[in-house]
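Student: My questions all concern the structure below.
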């Protein structure tokens, strides 16, 4: 007997202007930090090479409790203020604060403590806008999810263009800085206006909990309702998108994922019918079809269980059992969670290793010695080479020649990337005769090209290794892995700075 699931309305579709506004919102709340962190040569000259590590810690770590608190209070604030008003207030508070700090940035004293406090505030305001934007976009169609992510990615090239126009260099003048951060503040203001008009345009639909008319019909609990397929970054066929809660918030906030230009959580969104859950981590487990029965059927027929790689045919559960299934028992939930973890263990490990490496290496860009070819601008060149290599790596899986062949290939690439790390750190201590700006630049490009490829490939493969009902759980595990990698990467960077250079405090030269 099939179990009718609760009917939920379709997500808000939105037109091209809705897509454009989401793009502008995410560009706004990433642009100021990219402008600050790209000025490696300028801040290195003022405070010493340790400054990039300090700025990364100041920007990211304080946002974690804020984002966790946001995820805990979302539902309470939705009930108290209304969904639309809650989202609008958080977006405007975050973006207005972020924009004001960007406008003030060139006028602050050249004091390290003031810079650190400003960067902490930038991170908090950006995190507030970020979490609100993800709560908002979870109610919209996939094209809007993609636009929100692509805005984060586009902020890098946009900031580079602004710096070139402003003539920003290692010894930028005050007028140049005012021009750069004034332009960034205008972008943030445009993002705030876009956010306000976006929420106002869909106010009634947001307060109603969804957009559009209720979807007709019932969905069988064993029929594994799937979202539509999204033709994104997949050369041989469309990319699957898994079920998502219609309750407003993501199953788990991506937290610090935007720090690495992370534009896609593709298996966390769907344009079609959505199923109801309580928004908790176990919600995805409770939505599962007769999981144990499906495993037993696979074993009985000699088929591959969860986690077997078959790019042509992602695993699909059989017809539902005769007995009606409600939410699984705790033992079944734990069992399903373990199966998901086992199924995605290889891409999960690859994602963790690759992310940790990137977040360990990046703070040392200001330590990379120049052979003299690129001179004082070398750290800034490394920064933007990293940005463009990451984008190229994320787009590479569109080519059939760069499509991941198996989860083992992902792990192999991550281990190869790990093998390159000692070369990077050895170069930091290399004698002058061995220094090569071109060689160091190529090494950074390879590291981030592999990282971008791994990121997209993981998001392509991991959802296809589990049942459709458990894709949300797989996404939660991936989010946890990324967050853990982020903090581990920064911790390893601190330890390496202490080991190689004796301290992590920026010292202003006299």
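Any Cβ shown, glycine's included, is placed from N, Cα and C.
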Student: Need the matching range: TrEMBL marks transmembrane segment on one of 146-172, 227-253, and I'd like to know which.
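Tutor: Per TrEMBL, the stretch marked transmembrane segment is 146-172.
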Student: Taking a Cβ cut-off under 8 Å, which residues six or more beyond the ends of the transmembrane segment (146-172) line up next to it in the same chain?
Tutor: 19-20, 22-28, 30-31, 34-35, 38-39, 41-42, 45, 133-134, 137, 179-180, 183-184, 187, 230, 232, 258, 261-265, 376-377, 380, 384, 387-388, 391, 394
Student: Establish whether the number of Cβ pairs under 8 Å between the transmembrane segment (440-462) and the transmembrane segment (57-75) reaches at least three, counting only pairs separated by 6 or more residues.
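Tutor: Touching, no - the transmembrane segment (440-462) and the transmembrane segment (57-75) miss the threshold of 3 or more Cβ pairs under 8 Å.
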Student: Same chain, outside the transmembrane segment (348-368) by at least 6, Cβ under 8 Å from its Cβ: which residues?
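Tutor: For the transmembrane segment (348-368), the far contacts come to 40, 43-44, 49-53, 56, 259-260, 341, 378-379, 382-383, 386, 407, 410-411, 413-415, 417-418, 421, 424-425, 427-428, 440, 444, 447-448, 450-451, 454-455, 458, 462, 477-478, 481-482, 484-486, 488-490, 492-493, 496-497, 500-501.
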